[in-house]
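Novice: Structure below; questions to follow.
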Amino acid sequence: MSSQSQPQQQGNHKNREEEKEEEENHLLQSECETIPLSSPHVTPSNWEHAYKEVEVEEEEEKDTVYAAKDKVQIFDLESSGSAGSTAVPPFSWRKLWLFTGPGLLMSVAFLDPGNLEGDLQAGAIAGYSLLWLLMWSTIMGLVIQLLSARLGVATGRHLAELCREEYSNWARLVLWILAELALIAADIQEVIGSAIAFKILSHGLIPIWAGVVITATDCFFFLFLENYGVRKLEGVFAVFIGTMGLSFAWTFFDTKPSEEELLMGLLIPRLSSKTLRQAVEIVGCVITPHNVFLHSALVQSRDIDIRNKGQVQEALNYYSIESSVALLVTLVINLSVITVFARVFYGTEQANGIGLVNAGQYLEERYGGGLFPILYIWGIGLLAAGQSSTITGTYAGQFITEGFLKLNIKKWLRALITRSCAIVPTMICAIVFNTSESSLDTLNEWLNVVQAIQIPFALIPLLTLVSKEEVMGSFRIGPMVEKVAWSVAVLVILVYGYMLLDFFLDEVDGVLFGFLVFLGALAWISFIIYLVQHSGAIPSIMVRSPNSRGFFSLSGN
């Protein structure tokens, strides 16, 4: 018995030694994940593993939008919890302040010069009757932007990067080209809006083309501020939005619109055939394709561990609050512009011919100069709108190009490439279309058409990705939110589709041009059908269980 038990004891002892050695190796590997190579605890036996870990971390940092050192630190080591933690700490005003910023940059797209022109034309032609539509369009825009932020926070990557992995080569190439064209169209509107502001404030001394050059160059100056921290750049945007708010509030109180008409316009939906075009423009101005790409990247400026579900949910809560407040501010500013021009120009002869170029001059003719001439107050607000939206447009261009093409280049070179792509066509448009006010209006209509073509190809990929568990994990949207989001997307696409139909019915002249438009429309509809089929949205919405997560739910399926 003793002779048989001795080998058995030796075997058991050997097994225990092997288990102990495996446990030590496991602990050693976990140490290597956090200990730098220069540490004395890294021995030749574990050096190779540590080196590979550092290589992986460096490679991951190259693929991130913001370097680790540039991110705003919010969660300290003591309060951050473990990687698998789902606990969400109580509300903190300090954390809300630290999360405030991306929503400001995102909200600028709701106040760009194209939006302001749509606002003033809606007020002059439709009066107060479309204020309710502006409010609901802003709410729809908020839903889309919250989904974009959710995608960026939960995955740690932005929409353009995820589209590169989600779609086949030809599809992502088409998506990238269309996104770039829409961005260039938006940038032309923004830069020319700034140039018009320079012309107003210089009393005509600075021509449109010179204003374009100034805007293109000073954009780099503001982007340079990011080298001193992303919070500095966000502070600049807060100043821009504050300037717009003060300028348009001054104009509002100077013209004294009817408070009763304003309230009725917000609460009572009214729409007629005469105001249908302005209604479509209001919806089209609020939801812009490049902003959908932009917000999913901006939220990554905060240091969030996506493995920690509690941190992710907390970040989503704070981003929801700051985005909602930011868009509330934009709603108030847009309402101010519409009501001012409804008060001054609704029912007048100038109503149909008013635009960014002559709006300030018309206001001054009605309300005179005074100590602070209303013309210059309007010009300051327009300049703040143009400058801020131009910077965010450049930002969006960087993220779109880098995400779809996987370019790892320096920030200044990336900004130079994206700025050059937009500034060359902008200069050409400024020279060609600066012959009259009507020619600039024609240019603006064509630019809106380019952006209208792109909107389905930003919304459908976004909704496809946020609905996928393999992309979002437990943070995919729930079935109710999915239905609401797809309903909003369908409504927006239909509105843009009507805009395109109305525009081309007026513009089509000749068989050849009509045939080309028909082919373009066929390709546009076919690509939308392809993206919807790829998303699996229809069976997913009908079959999915109600146990999926909503915006704030923490329970999985």
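Placement of Cβ uses the backbone N, Cα and C atoms for every residue, glycine included.
Automatic, uncurated: that is what TrEMBL annotation is.
Look at TrEMBL and you will find 1-12, 27-46 tagged as compositional bias 'Polar residues'. Residues or ranges marked as compositional bias 'Basic and acidic residues' in TrEMBL: 14-26. Annotation source TrEMBL lists region 'Disordered' at 1-46. Here TrEMBL flags 131-153, 173-198, 204-224, 236-253, 325-346, 416-434, 446-463, 484-505, 511-532 as transmembrane segment.
So that I understand the layout, could you describe where these features sit and how close they are to other parts?
Specialist: Within its own chain, the transmembrane segment (131-153) is flanked in space by residues 102, 106, 110, 119, 122, 159, 162, 262, 265-271, 279, 282-283, 286-287, 291-300, 304, 306, 312, 315-316, 319-320, 323-324, 327, 330-331, 334-335, 338-339, 459, 462-463, 465-466, 471-472, 475, 477, 484-485, 488-489, 491-492, 551, which lie at least six positions past its ends and keep a Cβ under 8 Å from the stretch.
When Cβ-Cβ distances below 8 Å are used as the criterion, the transmembrane segment (484-505) is approached by residues 140, 143-144, 147, 277, 280-281, 283-284, 287, 445, 448-449, 452-453, 455-456, 459-460, 463, 466, 477, 517, 521, 528, 537, 541 of the same chain, each at least six residues removed from its ends.
Beyond the transmembrane segment (511-532), the same-chain residues lying 6 or more positions past its ends with a Cβ under 8 Å from any Cβ of the stretch are 171, 174, 453, 456-457, 460-461, 464, 493, 500, 504, 538.
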Novice: The transmembrane segment (325-346): which same-chain residues, six or more beyond its ends, come within Cβ distance under 8 Å?
Specialist: 103-104, 106-107, 110-111, 115-116, 119-128, 130-131, 134-135, 138, 141-142, 145, 241, 244-245, 248-249, 251-252, 255-258, 261-262, 265-266, 354, 359, 362-363, 366-367
